[in-house]
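Engineer: Annotations per TrEMBL:
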TRANSMEM  39-56  transmembrane segment
TRANSMEM  68-87  transmembrane segment
TRANSMEM  93-112  transmembrane segment
TRANSMEM  119-141  transmembrane segment
TRANSMEM  147-168  transmembrane segment
TRANSMEM  188-210  transmembrane segment
TRANSMEM  240-261  transmembrane segment
TRANSMEM  273-292  transmembrane segment
TRANSMEM  298-320  transmembrane segment
Amino acid sequence: MTIDTEPLKSVSDIERTTLMTFLPGRIAGMLGGRRWRSLAPLAVLVVLCVLITIANPNFIELRNLVRLANSAAVPLTLAMGLTFIILMGSIDLSVEGTLSVAAMVVVLLAANDSNGNDYGWWAVLAAIASGTIMGLASGLVQTMLRIPSFMATLGMWFIGLGLSVYMLGGSAIRLNDASIRDLALQRFLGLPLAVWVAIGAFVLAAVIQYHTRLGRHILAIGGDEDVTKLSGVNVVRVRIAAFALAGFFFGIAGVLAAAQLGQSHAVIGDGRLFAAVTAVVVGGTALTGGEGGVVNTAVGVLIVTVLANGMILLGISPYIQQTVQGLMIIAAVALSLDRARLKIVK
């Protein structure tokens, strides 16, 4: 009886090849796997705080920590809304335009130095509603016209800026409503009320992502939209709801920005988009969607805010600060991408 050893040899070759490809992949997984990527932002935050404290002990003074928390309020609220969009694998560039509209609405409807309006907290509700409507419009444009979210929200960005310039007449209008200004001026347990509002926005976003059907569907779309459709999920409806939800958070951020500055002007949102996107990506939410979440984003906001605060304490030039922030977002994107899912990079 003879035994054909050729198949055995082929199997052995396959096993040897598999082993040779498995080991480097395993090592790479240990160094850059999903678990490492999820813990890396928190580790970076801790190391960053330690290094800045060593370089300048004033960093951990209570006054500076309160200042740091206050400066993180608006970016955190914006980033909460943006996280839901990026989780789907989309992008929302309307951040600055929507924030400008919300800030414009709250200032023009509350007591101000431009007209006789004095609608109090109804102005706040109107501002949040305006942000939600703009987000809803972005979602409708993107889904109904079937154009990339990049272009749909870019258009809404400039629409928002145009409305703000037109309504404000190109000038700054002061917010005179004391109760709304108290969001920035009054404190509870040592922190400005704006910080507590931002924390509330984070809690709300976490509840939506982890404990609602909408949150699960948003994550599923980012993971695999085709499979999500086959599962019976109305993807169009979820996308529209996600953009409206993002606009809701942008509206809250607009109110906080107006309260902190005590006024509104057309460029009140200038630079906010980059800060929000950086925070989301640095926190570990993948631009390809389906990975990350609002908890990651909260850590990302702290990293961005702590880094900016630390560079100011160390007397680093603003131009160098921008360079560092640019390098940081490139590094974060490079580390957060799951290249196994990317067959082509355009």
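Just so you know, glycine gets a Cβ as well, placed from its N, Cα and C.
Curation plays no part in TrEMBL annotations; they are all automatic predictions.
Map these features onto the structure and tell me what's around them.
Structural biologist: Same-chain neighbours of the transmembrane segment (68-87): 95, 99, 135, 149, 184, 191-192, 194-195, 197-198, 201-202, 204-205, 208-209, 215, 218-219, 222, 242-243, 245-250, 252-253, 256-257, 260, 272, 275-277, 279-281, 283, 285-287, 289-290, 292-294, 296-298, 300-302, 304-306, 308-309, counting only residues six or more beyond its ends whose CB sits under 8 Å from a CB of the stretch.
For the transmembrane segment (119-141), the residues of the chain that approach it from at least six positions outside its boundaries are 81, 92, 94, 97-99, 101-103, 105-111, 147, 149, 152-153, 155-156, 159-160, 177, 179-180, 239-252, 254-255, 258, judged by C-beta separation under 8 angstroms.
Residues of the same chain lying 6 or more positions beyond the ends of the transmembrane segment (240-261) and with a Cβ under 8 Å from any Cβ of it are 70, 73-74, 77-78, 80-82, 84-85, 88, 92, 94-95, 98-103, 105-107, 124, 127-136, 138-140, 142-143, 175, 180-184, 194, 197-198, 201, 205, 208, 214, 218, 268-269, 272.
Sequence-distant neighbours of the transmembrane segment (298-320) (same chain, 6+ residues past either end, Cβ-Cβ under 8 Å): 41-42, 44-45, 48-49, 51-52, 55-56, 58-59, 64, 67-68, 71-72, 75-76, 79, 202, 275, 278-285, 328.
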Engineer: Quickly jot the same-chain residues contacting the transmembrane segment (39-56) by Cβ under 8 Å, restricted to those at least six beyond its ends, or write none.
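Structural biologist: Same-chain residues near the transmembrane segment (39-56) but 6 or more away: 282-284, 296, 299-300, 302-303, 306-307, 309-310, 313-314, 335.
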Engineer: Under an 8 Å Cβ to Cβ limit, what residues of the same chain, 6 or more beyond the ends of the transmembrane segment (273-292), are close to it?
Structural biologist: 34, 37-38, 40-41, 44, 75-76, 78-79, 82-83, 86-91, 93, 95-96, 157, 219-224, 298-301, 303-304, 325, 328-329, 332-333, 336-338, 341-342
